[in-house]
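Among the features that Swiss-Prot reports, FAD binding site is placed at 12, 31, 32, 126, 285. Per Swiss-Prot, the feature signal peptide maps to 1-32; the stated evidence is sequence analysis.
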């Protein structure tokens, strides 16, 4: 095996490209978008994510362009502190958490991928593939064909590679909540060393520092599977939700329509079948997209990427390598996914025990991957 083809240029796909290239493989990455992402909210990088970022070689860049916090503080709607927990659960030598804009993280990964020699193809959406005993050929939307030894689908929750491999359309499970997210600029020195969460009933609002004067806000509220919030109503809807939280006055008065509000429904995909067939493998959200409750989506995708490269390097036979990858990754990723969705379910129904599940997840994450 010499040449690897990756579908998807998000966090998982770029991480896989870097890992495989460092392992000595020739790598081509196909991304459907015509250029690297220019928008997006923030992303939280807990300690296990920082550990894999270090292994990937991008830890220093992420910390340089991110904002580190040590505490997670939870408040009621009046702004009264309910409790705080340390974000350090794995390694005292690492920051508790690094928060970074998704666009910035993509830029960092793109820079490192290009530096190690990944061939990046923009505007190339993989829509099908054909296999022989010797190779796999991906068909792009524009008609171009690309041949490789392995095709890795890191093409997200709506993965074409996954659905072609499984020969069915994978159903997305609605988790009962919608999420609104937006970037915000605030006065200097607003933030120090903590991420904030505000709760009232079934509404949760997170305020995540990206700098001492800037951050991103996410709002979680119940919604039906057929609900959608149009772009032109999102700003006013979010402002109305925040107005019920006196403790969030410092956010509400600085909201600006210059920064668009992103909306999506919380959905998950849990692939119960093997993640590989023949010369095709999936990873990241294509295999285990889940709730953002524990901020583990990106971390799990990067772990997938590193393990895939290790197993392909360790085994000359592709079937043995892909099976070893699946056996290492599926139990851990699906366990974290299940815990994340169960936390959403309990909070949605007002049931106790969500905090205990967070501790259970941390215990899983302390184990090697």
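Glycine is treated like the rest: Cβ placed from N, Cα and C.
Neighbour density around each Cβ, counted as other Cβ atoms within 10 Å, peaks among the binding-site residues 32, 126 at 126. Proximity of distant same-chain residues to the signal peptide (1-32), defined by a Cβ-Cβ separation under 8 Å and at least 6 residues beyond the stretch ends, is recorded for 43, 56-58, 105-106, 109-110, 112-113, 116-126, 136, 138, 140-141, 146-156, 159-161, 283-286, 298, 301-302, 304-306, 308-310, 312-313, 316, 318, 321. Compute the center of the Cβ atoms of 12, 31, 32, 126, 285, which mark the site for FAD; besides them, the chain residues with Cβ within 8 Å of that center are 6, 7, 8, 9, 10, 13, 30, 153, 154, 155, 156, 159, 286.
In the structure as shown, the Cβ atom of residue 12 (FAD binding site) sits within 10 Å of 31 other Cβ atoms. Long-range C-beta contacts of residue 31 (FAD binding site), restricted to its own chain and to partners at least six residues apart, with a cutoff below 8 Å, comprise 8, 9, 13, 120, 121, 122, 123, 124. Under the DSSP three-state reduction, residue 126 (FAD binding site) is assigned to strand.
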